[in-house]
Amino acid sequence: MAAAAAAAAASGSGTPREEDGPAGEAAASQPPAPTTAPGARLSRLPLARVKALVKADPDVTLAGQEAIFILARAAELFVETIAKDAYCCAQQGKRKTLQRRDLDNAIEAVDEFAFLEGTLD
């Protein structure tokens, strides 16, 4: 029963979903886990450039490949998040093109971006 409660909590509601079986267990027809295609890149940012940026910091002496990958992935997620928030600001202005003021509005509206206030000035 704990598995049913965990599945219900993960789905965002307190009740089992319709796809769940009579015991609240998920149906066997779940979509397969996403797989990467051969040759697909795990990072959209060039790791050599990220490594060069990391090495430009005089406080960094060594940076492993895993650390470089994690930093690149974190940067991707950060850019994706702020771009989505800025796009929402553009949509409120009935526009599809992002402008600087959209980034400013996203920075002001989202508490997590407070450290960026004043950086675009």
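The backbone N, Cα and C atoms fix where each Cβ goes, and this holds for glycine too.
What TrEMBL records for this protein:
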| type | residues | note |
| --- | --- | --- |
| COMPBIAS | 1-10 | compositional bias 'Low complexity' |
| COMPBIAS | 26-40 | compositional bias 'Low complexity' |
| DOMAIN | 44-107 | domain 'Transcription factor CBF/NF-Y/archaeal histone' |
| REGION | 1-41 | region 'Disordered' |
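Taking the domain 'Transcription factor CBF/NF-Y/archaeal histone' (44-107) as a whole, pLDDT averages 94 in the prediction. Taken residue by residue, the domain 'Transcription factor CBF/NF-Y/archaeal histone' (44-107) breaks down under DSSP into 45 helix, 0 strand, 19 coil.
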